[in-house]
Amino acid sequence: MHNIFKGLITAAITPFKDNTLDLDALEKILEHQIKYEVDGVLIAGSTGECSNLSFEEYKLLLQTSLEIVNKRIPIISGCSSNNTAYARELAAESTKIGVDGFMASPPSYIKPTQEGIYKHFEALHEACNIPIMLYSAPTRSGVDFSDETILRLSKLSRILALKDCGVDLERPMRIRTIVKEDFNLLTGNDEVVLAFNAQGGVGWVSVASNIVPNICKELLEKWYKNDVKEALEIHQRLLPLYKALFVESNPIPIKYAAHYLGLCANKIRLPLTEASYKTKKQIENIITSLSIKI
């Protein structure tokens, strides 16, 4: 099975208009990603406010994304839930709709054991026939995969990658030494992209690339060509943006940044709230200093 989980994957925001999906803005967002040749787009992940979508909205979001993209880049769906039966339903529906792969985290809130985490993903694996990426986000889910559980799950034929949002930079090297060579490791933490890839990673699931896919793509290309000096210079230039995008809960800052640049309305669903005045000004100043334009 072809491993689509590599390179630059944008964790896309979900645009709203009033209290509905803004499908015109979705097209603008996706075309911006395609223009700069990102390697994939994640739809309905954490950045896409997955927990604030109804099942019907989830399906419409995926269907419309696939129609817009029209096979130009891979579309990856988010299938995280603390209810295994519902997560299976998301995975099965994603497969039916035709996405290229999906990503899921361990069940949040209920804190399953490692055996429970394994069984959860085994159930998702059985519900589909498309590539799966594990999603390690312990600050969100309250639990994480042990190295041993990652190894066990990597032996299931369609589980091909791990997105790691942590800051343990020994972990990718540890995992790299125990899993098969074609199991890919990607960081989900913009701030550690170079350090993570130096330790065995092969890609990046980025929040910042919603608005700077061109710069993020250039950074990775410099890195892959061993132009470390230029990659570091780009990374250092983007660090203030990375940090600003997490001064409030993601996706609050990136939604405002996208709005400020004209990609979508600054609509976000409760319990998330709009960015504070201070955050808005910080975002605006960084966008100006980096000369970001859409």
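Residue numbers in this text run from 1 along the chain shown.
Cβ from N, Cα, C; glycine included.
The structure displayed is predicted, hence computed values, not measured ones.
Taken from Swiss-Prot, the feature active site, proton donor/acceptor applies to Y135. Y135 (active site, proton donor/acceptor) has a Cβ environment of 27 other Cβ atoms inside 10 Å.
Note on K163 (active site, schiff-base intermediate with substrate): other Cβ atoms within 10 Å of its Cβ, all shown chains, come to 27. Annotation source Swiss-Prot lists active site, schiff-base intermediate with substrate at K163, citing sequence analysis.
Sequence annotations record features per position, and here Swiss-Prot assigns pyruvate binding site to T47, V205 based on sequence analysis. Taking a C-beta cut-off of under 8 Å and a sequence gap of six or more, V205 (pyruvate binding site) has these contacts in its own chain: I9, T10, A11, L42, G45, K163, L186, T187, G188. Look at V205 (pyruvate binding site): DSSP puts it in a strand.
What Swiss-Prot lists as site 'Part of a proton relay during catalysis' is S46 (among others), and the listing cites sequence analysis. Neighbour list (S46 (site 'Part of a proton relay during catalysis'), Cβ cut-off 8 Å, at least 6 residues apart, same chain): A11, G78, S80, A137, R140, N250, P251.
Cβ-based neighbour count (10 Å, all protein chains) for Y109 (site 'Part of a proton relay during catalysis') stands at 10. The site 'Part of a proton relay during catalysis' feature in Swiss-Prot is assigned to Y109 (among others); the stated evidence is sequence analysis.
Under 8 Å, Cβ to Cβ, and six or more positions away along its own chain, T47 (pyruvate binding site) finds A11, A12, I13, V207, N210, N250, P251, I254. Secondary structure at Y135 (active site, proton donor/acceptor), taken from DSSP and collapsed to helix, strand or coil, is strand. If you take the Cα of Y109 (site 'Part of a proton relay during catalysis') and the Cα of Y135 (active site, proton donor/acceptor), they are about 15 angstrom apart, rounded to a whole number.
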